[in-house]
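Now, the feature entries from TrEMBL:
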type     : residues  : note
TRANSMEM : A:6-24    : transmembrane segment
TRANSMEM : A:65-89   : transmembrane segment
TRANSMEM : A:109-131 : transmembrane segment
TRANSMEM : A:152-171 : transmembrane segment
TRANSMEM : A:209-227 : transmembrane segment
DOMAIN   : A:297-328 : domain '4Fe-4S ferredoxin-type'
DOMAIN   : A:361-391 : domain '4Fe-4S ferredoxin-type'
Amino acid sequence: MEYIPNIIFAIILAAGIGYFANNVRKLVRNINLGKDLDVSDNKPQRWKNMAYIALGQSKMVKRPIAGILHIVVYVGFVIINIEVLEIIIDGLFGTHRIGHSILPSALYGFLIGSFEVLALLVLVAVIVFWIRRNVIKLKRFMSSEMKGWPKSDGNIILYFEVVLMCLFLVMNATDTVFQGYNSGNVISQFIAPLFDGLSTSTLHIIERAAWWMHIVGILAFLNYLYFSKHLHILLAFPNTYYGKLTPKGQFPNNPTVTKEVKMMMDPDADPFAAAPEGEEDAVPEKFGASDVQDLSWVNLLNAYTCTECGRCTSECPANLTGKKLSPRKIMMDTRDRLVEVGKNIDANKGVFVDDGKQLLGDYVTDEELWACTSCNACVEACPVSIDPLNIIMQMRQYSVMEKSAAPTELNNMMTNIENNGAPWPYNQMDRLNWKDE
Amino acid sequence: MSEKLIVPTMAEMMTQGKTPDILFWVGSAGSYDDRAKKITKAFVKILNKANVNFAVLGTEESATGDLAKRAGNEFLFQMQAFMNIEVLNAYEVKRIVTCDPHSYNCLKNEYPELGGNYEVLHHTQFIKQLIDSKVIQIENSTFSGKRITFHDPCYLGRANSEYLAPRDVLSVLNANLIEMKRSKSTALCCGAGGAQMFKEPEKGNKDINELRTEDALETKPDIIATGCPYCMTMMSDGVKVKEKENEIQVMDIAELIASAQNL
């Protein structure tokens, strides 16, 4: 009978981790629905970017208030989670504060003491975050795409963190053994008096309850990630690693088009030649992207990484002047559609069954697509190297090359380029006239 | 002032057996847009004064295809690119300078993969080199003490991280350079990029160039300096919308330098 808590703990732990692992598998599968993109180049620079941008939070502090508060929560969360290790060992083996018996007590006191200080700081930061979203109502959290689930999601994450930090501190405060060490209880010693007058056994029950809820809460939070924008705490790392290394202005040249153009311009090419062996039935590759499967896997990783902070949208010239385009919404739409496609595959035994929908049109409208000035402000603003512009450009390619659906004025401009090599209807022979004017 | 511009073409140079040190890529705006042509001429005056051995392609130049690419017509872009690369490579061009950040970005970043490898400079970078090597020297600048604010073109700044060259060039004018609240990497676009120049904006509550002009007006400038023919159009229009065209000039950096040299 005495092993029942250990067994229950092991079951909860296995279930928590197992369900998460299963969802991670789905996540990876969904990301891999994207097209191949070779990002194996320049590994040293990629590691450096990950170290600076994700680990070092270098772009977060471009906005100092949010940036510093975020660092508090980030450092706090990472470091406090060392405590989880002790909780897991205690839970599995029925020990109590195993760390105290294996580590020098001064070190143990120092560790728990820093966790307590960080827990308090995280609590304060998270409360400020909540106030920014719900009381001050910062503009970037109030956009139209932030209504409903995205708004709740943002708050649920904050509530999770508040509850977890409180449970951690209460657990320490009501742990008579720990308070007895009188080392490391830097914050909890001030919470302990709240429980004065309670019997030791009541304290023990509160401590156990806090301990269990803390670990269950952590597992629940872990599993919440898959359904939340909070995935960024994991994906920011690969996302910054795979982020763009070339100058921001360099848009990739579409290789499918290169093949076609080269064939057109090759005087020896035979347009009626039979397809090479094995390629007879190959479906000609689509130009650009109309749905998530046409995007690259890095675009899809970007979508899962986006934590909807809205820095991109708050810098977007189109959005700032009241246009519908919001780079954040482009990322959210991409993820929503990807999740929908993923569920479709799950429901249809591993094969995607056409549902008559696509990213372009059903999620992102032409009006949004054509409002972009390609200025790269969104890309510059993103603290985790997301590139909404790349997705916009791929969808423009689809609109123009597959659907001939560019705005009329742009079609005129392009016709001019085709005919006279300039966007205006002027004769190419007049190109040097300025010299003598 | 009315000295005739010396603008040799690559073809002329070739028949004379000469090789220019650098090709001046004029670009479509610089060739046909009335306002941008003034920038082109100002830059040529600087080149002539500095005795730079340059040439243009003239009627052999064609749109880079940048506009088509940003509009989603990758096909047309690559057609233009292959055509231009054929011409550029036939003349064995090694270095290119252009007053248009969009051409600069396209030639520098997007042509190499298609077979066009050149050292490409924006005209502000080239002018900076001329200043650094003392080929251009400005004394008694007519802009001394004037309030100048520089609007970063997206395709020079954010797109290619060149924030210093235009500012270094402006600094020789002995003027009072004032930054807008949004500048360098956070500069606001003028509204012309991504082929917006050639279409009506989507529905909104303001035009982008108007918002950007407001940024500039906050610095109480005498002159708004630009380094892009499209920014020139947008900022000039913005200043007109704000009815400030009698007080505030919008000038390209090439025009400022040419004017400071009394060219």
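For all residues, glycine too, the Cβ spot is worked out from N, Cα and C.
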Other than its close neighbours in sequence, what residues sit by the transmembrane segment (A:209-227), given a CB gap under 8 Å and a spacing of at least six beyond its ends? 9, 12-13, 16-17, 19-20, 23-24, 26-27, 81, 84, 87-88, 91, 156-157, 160, 163-164, 167-168, 170-171, 174, 233-234
Compute the average pLDDT of the predicted model within the domain '4Fe-4S ferredoxin-type' (A:361-391). 98
For the domain '4Fe-4S ferredoxin-type' (A:361-391), residues assigned helix / strand / coil by DSSP: 15 helix, 1 strand, 15 coil
What parts of the chain pack near the transmembrane segment (A:152-171), using Cβ distances under 8 Å and only residues at least 6 beyond its ends? 73, 77, 80, 83, 115-116, 119-120, 122-123, 126-127, 129-130, 133-134, 141, 146, 187-188, 191, 206-207, 210-211, 213-214, 217-218, 220-221, 224, 228-230, 308
For the domain '4Fe-4S ferredoxin-type' (A:361-391), give me same-chain residues lying six or more residues beyond its boundaries with a C-beta closer than 8 angstroms to one of its C-beta atoms, as numbers and ranges. 49, 53-54, 57, 59-60, 62, 232, 236, 239-240, 243-244, 248-249, 251-252, 289-290, 295, 299, 302, 305-307, 309, 311-318, 323-331, 333-334, 336-337, 399, 405-407
